[in-house]
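Annotated substrate binding site per TrEMBL: SER9, HIS68, GLY145, HIS146, GLY147, GLY148, GLY176, GLY196, THR197, in sequence order. For HIS34, ASP36, HIS68, ASP174, the entry in TrEMBL reads divalent metal cation binding site. The active site, proton acceptor annotation in TrEMBL covers ASP36. Annotation source TrEMBL lists active site, proton donor at ASP174.
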Amino acid sequence: MPRAIISPSVLASDFGQLSAECKRMIKDGAEWLHMDVMDGHFVPNITMGAPILASVHKGVPGIFMDCHMMVSEPERWIDDIADAGGAMYTFHFEATRNPSTVIDKIHKRNMKAGIAISPDTPSTAITDEVGQGADMLLVMTVYPGHGGQKFIDRCVPKVAELRARFPEKDIEVDGGVGPKTVGVCADAGSNVIVAGTAIFGAADPPAVIQELKDAVNTAQARPAK
């Protein structure tokens, strides 16, 4: 089973101090930073683009930017995000007809490739070819576009379905995840946990990051049923 990774979502951070916020999260125990890129087209919100990512990459040496591309035409932005220092480029299944082609283009730019599915997309949409080609599979547990939404329980079985098919892949959950909801995600097989408000809004962010990581490690330590 892949190791536990906590990826705080900067959507919940103070954008006026973005580089400082990322440094704070790394100091607090995060290995990745989840960068939500929204285009106002695929989702009804606009956040940040490649210039901001480039500034963060410059200001935070060694940062692993887990770039969640909530954009139409995801192949269009691969070069820009790679040039900005992106490490993981996760695009949405719903935004393209040719996911394997997008994955190949991402790999050619020396980034890891992730593919995301929204709440209404079944896990079976991820074919064996696509799942094996990708480095990470992301199950959205809210509808993409806005932070602070309530966790959607019915999405969790998709994590277990994908874990059964792809036992060695990183499987990420994103949306409404925090100390109260991480347990079911970890038990289903998720090892990469995205949390925004639960971490950035916490009185003790390091403790929350550790709690989320512990939940994954505890779930992985249980004997297989």
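Numbers here mean position along the shown chain, with the first residue as 1.
Placed from the backbone N, Cα and C atoms, the Cβ positions cover glycine too.
Here the Cα atom of ASP174 (divalent metal cation binding site) is found 12 Å from that of GLY145 (substrate binding site). Taking HIS34, ASP36, HIS68 as the binding-site residues under consideration, the smallest Cα distance to SER9 (substrate binding site) is found for HIS34. On its own chain, HIS34 (divalent metal cation binding site) has SER7, PRO8, SER9, VAL10, LEU11, ASP66, HIS68, ASP174, VAL194, GLY196 as residues at least 6 apart in sequence with a Cβ closer than 8 Å to its own Cβ. GLY176 (substrate binding site) sits 14 Å from ASP36 (divalent metal cation binding site), taking the Cα positions as reference. Considering only the binding-site residues GLY145, GLY176, the Cβ with the fewest other Cβ atoms within 10 Å is that of GLY145. When the alpha carbons of THR197 (substrate binding site) and ASP36 (divalent metal cation binding site) are compared, the span between them is 14 angstrom. Note: the divalent metal cation site is recorded as HIS34, ASP36, HIS68, ASP174; in the same chain, SER7, SER9, LEU11, MET35, ASP66, MET70, THR90, LEU138, VAL194 also have Cβ atoms within 8 Å of that site's Cβ centroid. Taking each of the binding-site residues SER9, THR197 in turn and counting other Cβ atoms within 10 Å of its Cβ gives the largest count for SER9. Taking the C-alpha positions, the distance from GLY145 (substrate binding site) to ASP36 (divalent metal cation binding site) comes to 9 Å.
The Cβ neighbour count for ASP36 (divalent metal cation binding site), using a 10 Å radius and every protein chain shown, is 24.
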